[in-house]
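**Student:** Feature table excerpt (Swiss-Prot):
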{"type": "ACT_SITE", "residues": "Glu83", "note": "active site, proton donor/acceptor"}
{"type": "BINDING", "residues": "Cys115, Thr156, Thr206, His239, Asn271, Ser301", "note": "(3S)-3-hydroxy-3-methylglutaryl-CoA binding site"}
{"type": "ACT_SITE", "residues": "Cys115", "note": "active site, acyl-thioester intermediate"}
{"type": "BINDING", "residues": "Arg204, Lys244", "note": "CoA binding site"}
{"type": "ACT_SITE", "residues": "His239", "note": "active site, proton donor/acceptor"}
Amino acid sequence: MRKLLKPKREVGIVGYGAYVPMYRIKAEEIGRVWGVSSFPIEEKAVPGLDEDALTIGLEAARNALKRAGIDPKLIRAVWFGSESKPYAVKPTGTVIAEAIGATPDVSTADFEFACKAGTEALQTAIGFVGSEMADYAMAIGADTAQGRPGDHLEFTAGAGGAAFIVGPKSSETVAYFEGSYSYVTDTPDFWRRQHEHYPRHGNRFTGEPAYFHHIINAAKTLMEELGLTVNDFDYAVFHQPNVKFPLTVAKILGIPKEKVLPGLLSGTIGNTYSGATMVGVSAVLDIAKPGDRILWVSFGSGAGSDAFSVVVQDAIEEKRNLAPKVKDYVERKKYIDYALYAKARRKYIL
């Protein structure tokens, strides 16, 4: 049985865009409040009072459109992945599709799969375009992640997102997909039940057999199916709940950390959940050269991983400069204290 996922029509990335909120809180400031002195990251991004997963996704979508340079009416699908949607019952994708001018001849849906909801939407977009049902589809991953006050998730749960417009491979695509693979099991490592405000997790169980098992198996299977080795890749982007986990995966797979660091952003913006690998790949595309190959593996609790092999094309040289780069958002920051952070994130519910 062939495990590789590859459509009959070759598919690429026509445009990409990311967005990270301006506000930051240092892990040291959170630790000051809770009496903690060791931290998994340095600081994380915090959404403003007027920001949520929808607005983050919309900004990323607009940046992707700038790079794509296409009429938004040509986009026949807008699929949004998140675990922090502003509405429990109302699609977010319809709002974004309307705001970018893609309605009414468009399909929209909201995807959920913990931190890999965005790449799940991307897999669907690749199939949609690859089957020739449409020429363009947009996949978005964005989150404003929450952690219970005092829980170790509070140190890492950040905010950010990215959008990718998928189209037929051509001279206008900045990169193309060689193939993809999804690996899924029923592993209850992280969850939030209906009406609960904060998620729960299985502590060390979230590492193995959850994160490491799924990412490593997805990466290895993809490479085996494509006949590639780690030496064939110039960059690798893994889901990044912290800094340690993706670097550990790289070490296990035999990938030098120098190939991982350009797309590893969790140390300065936190874990952006559905946006994590999508923002990381956006950062890599901001600096990659034509011909570079990127290994891209997401992870979502519950649990599963999507793995992609992406090859950069000539169009990247011009298109990367048509919208703000990830570095621009990472360096644009304003620090807040825990009191403002708690207010902005509605940490205390009366």
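Using the three backbone atoms N, Cα and C, a Cβ is placed for every residue, glycine included.
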**Student:** Of all the binding-site residues given, namely Cys115, Thr156, Ser301, which is spatially nearest to Lys244 (CoA binding site) at the Cα level?
**Tutor:** Thr156
**Student:** Among the binding-site residues Cys115, Thr156, His239, Asn271, Ser301, whose Cα is within 10 A of the Cα of Glu83 (active site, proton donor/acceptor)?
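**Tutor:** Of everything listed, what lies within 10 Å of Glu83 (active site, proton donor/acceptor) (Cα to Cα) is Cys115.
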**Student:** Drop a 10 Å sphere on every Cβ of the binding-site residues His239, Lys244 and tell me which sphere holds the fewest other Cβ atoms.
**Tutor:** Lys244
**Student:** In three-state terms from DSSP, label Lys244 (CoA binding site) for me.
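**Tutor:** In three-state terms, Lys244 (CoA binding site) counts as helix.
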**Student:** Within 10 Å of the Cβ of Glu83 (active site, proton donor/acceptor), how many other Cβ atoms can you find? Include all protein chains, please.
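**Tutor:** Its Cβ shell of radius 10 Å holds 23 other Cβ atoms.
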**Student:** Which three-state DSSP class does Cys115 ((3S)-3-hydroxy-3-methylglutaryl-CoA binding site) fall into?
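**Tutor:** Where Cys115 ((3S)-3-hydroxy-3-methylglutaryl-CoA binding site) sits, the three-state DSSP reduction gives strand.
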**Student:** Other Cβ atoms within 10 Å is the metric here; tell me which of the binding-site residues Thr156, Asn271 scores highest.
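**Tutor:** Per the Cβ count within 10 Å, the most buried is Asn271.
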**Student:** Looking only at Cβ atoms, how many others are within 10 Å of the one on Cys115 ((3S)-3-hydroxy-3-methylglutaryl-CoA binding site)?
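**Tutor:** The answer is 32 other Cβ atoms.
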